[in-house]
Amino acid sequence: MIITKTREEIELMRESALIVSKTLGMLASEVKPGVTTLHLDKLAEEFIRDHGAIPGFLGLYDFPNTLCMSPNAQVVHGIPNDTPLEEGDIISIDCGAIKNDFYGDHAYTFPVGEVSEDVARLLRITKESLYVGIAEFKVGNRVGDVGYAIQKFTEDAGYGVVRELVGHGIGRKMHEDPEMPNYGRRGRGKKFVEGMVVAMEPMTNMGTHRIKQLRDGWTILTADGKPSAHFEHDVAIIDGKPEILSTFKYIYQALGIESDEEDAFRQELLAV
Ligand code: MG
Ligand code: MG
């Protein structure tokens, strides 16, 4: 059952999403060669609690940490550990927080130092695919329209779309209906309605879309050992159109990256 949110609830969810955005922004300046994912996890937990929120993943389905940290060939759900990051790695940092009883949940894949051109392209295409998907999240469309758009964009770029893990509705629970696959067929699946809020999260593999799971019961990695990227935004439908509740702007500020991608996206939506 899809639980739609009122305008007031969506504003509360924006607060939750922005706590995650700020956490990712704080982490952006800490991601560098030599740092361990466990250290970053501790920083994130402290930051979230200092902002009057609760880590959203810690203890959820018995997950042991605040962040899912998935380097290189790990797709998602990696557990922080004491292995230092190395120059040329990529690290997907997925973070959740609860504020005012609502969850925020979003993710960014960071390059560690300089990465190869191939890997930089994987990051760029995966992030772009997120916006391609969000643009289809509007009243009148269906789940399959988002999935189709992301899959087509990703496969046209020569990459694999992970099937087994999907985006999801979000609210007072981390995972609500509907499931939001990053693949699909136009016109299929549940219809989008005003007040829906979802976490959209393409997971894109440089090689095969196939995955495997480590014996820890959590870590998902690519079957061929090639890198995988993951970007996630929380998005609501307001006045029939997608409104991104989370933001990457704190990350860009921390890294000194000039980007108007979110504003440009909004302008484009207004234009149609
Ligand atoms: Mg997430
Ligand atoms: Mg999610």
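Quick reminder: no glycine exception, Cβ is built from N, Cα and C everywhere.
Some features that TrEMBL has for this protein:
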type: BINDING; residues: H77, H175; note: substrate binding site
type: BINDING; residues: D94, D105, E232; note: divalent metal cation 1 binding site
type: BINDING; residues: D105, H168, E201, E232; note: divalent metal cation 2 binding site
type: DOMAIN; residues: 11-237; note: domain 'Peptidase M24'
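Sequence features annotated in TrEMBL and their locations in the structure.
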residue	record	CB count, 10 Å
H77	substrate binding site	22
D94	divalent metal cation 1 binding site	24
D105	divalent metal cation 1 binding site	26
H168	divalent metal cation 2 binding site	19
H175	substrate binding site	16
E201	divalent metal cation 2 binding site	27
E232	divalent metal cation 1 binding site	23
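Taking Cα separation as the measure, H77 (substrate binding site) is nearest to D94 of the binding-site residues D94, D105, H168, E232. Same-chain residues that are not part of D105, H168, E201, E232 yet have a Cβ within 8 Å of the Cβ center of the divalent metal cation 2 site turn out to be D94, H106, A107, G167, I170, V198, A199, M200, H233, D234. Taken in sequence order, the binding-site residues H77, D105, H175 that lie near ligand 1, meaning a CB under 6 Å from one of its atoms, are D105. Using a 10 angstroms CA-CA radius around H175 (substrate binding site), none of the binding-site residues in D94, E201, E232 qualify. Among the binding-site residues D94, D105, E201, the ones whose Cβ sits under 6 Å from an atom of ligand 2 are, in sequence order, D105, E201. Those residues of the chain, other than D94, D105, E232, with a C-beta within 8 angstroms of the mean position of the divalent metal cation 1 site C-beta atoms are V20, C68, C95, G96, H106, A107, A199, E201, H230. Confidence annotation: the domain 'Peptidase M24' (11-237) carries a mean pLDDT of 98 in the model.
For the pair D105 (divalent metal cation 1 binding site) and E201 (divalent metal cation 2 binding site), the C-alpha distance works out to 10 angstrom.
Looking at E201 (divalent metal cation 2 binding site) and E232 (divalent metal cation 1 binding site), their Cα atoms lie 4 Å from each other.
Separation of the C-alpha atoms of E232 (divalent metal cation 1 binding site) and H168 (divalent metal cation 2 binding site): 11 Å, rounded to the nearest whole number. D94 (divalent metal cation 1 binding site) sits 14 Å from H168 (divalent metal cation 2 binding site), taking the C-alpha atoms as the reference points.
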